[in-house]
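K.L.:
So Swiss-Prot lists these for the protein:
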ACT_SITE  Asp8  active site
BINDING   Asp8, Asp139  Mg(2+) 1 binding site
ACT_SITE  Glu67  active site
BINDING   Glu67  Mg(2+) 2 binding site
ACT_SITE  Asp139  active site
Amino acid sequence: MTLILGIDPGSRITGYGVVRDTGRGCVYVASGCIRTGSGELHERLQIVYRGVREVIKTYEPVTMGIEKVFMARNADSALKLGQARGAAIVAGAEEALEIAEYTATQVKQAVAGTGGANKEQVMMMVMHLLKLTQKPQIDASDALAIALCHAHTRSSLIPHGLGTARSRGGRLRL
């Protein structure tokens, strides 16, 4: 059984979700948000870094999935998001976690079955898949979705980052 950490990075709120991959599905372990307040950017990034390290030390996951930066209309927002991602990635790397990155579309596809799902649809599927009785905070829900996507990708025939598969004559070739 593998503990998986999902991170939904943000410069103001970073969501985290921890699930246990049993090999037959995932079980909810924990989720929450790291809130940075309204201080200077370097102070907020330090809070993200320390918060992610604390989650890692508390739950001891062996692998981490994190959302990739999307191109936002506001370049400044995209840069801040990228810096928050970097703080979270460094926290995971320092603890020797296996780290994988996913686009929002990949996460939605893995959890809701369509890359065009909205946040409410993703949250409902997260609740269904993890048998949650209460709605998690939206950033925590996104982080749980990332953890579920990572669990699904890790157990698929085509591991993350190894390219595409081709089929010839009914045989799968990597």
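Here, residue 1 is simply the first one shown, and the rest follow in order.
A Cβ is built for glycine as well, from the same backbone N, Cα and C atoms used for every other residue.
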K.L.:
I'd like the Cβ neighbour count for Asp8 (active site), meaning other Cβ atoms within 10 Å of its Cβ, all protein chains included.
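P.N.:
The answer is 28.
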K.L.:
Are there any residues in the same chain, six or more apart in sequence, whose C-beta is under 8 angstroms from the C-beta of Glu67 (active site), and if so which?
P.N.:
Ile7, Asp8, Pro9, Arg85, Glu101, Tyr102, Thr103, Ala104, Val107, Asp142, Ile146
K.L.:
Within 10 Å of the Cβ of Asp139 (Mg(2+) 1 binding site), how many other Cβ atoms can you find? Include all protein chains, please.
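P.N.:
Other Cβ atoms found within 10 Å: 23.
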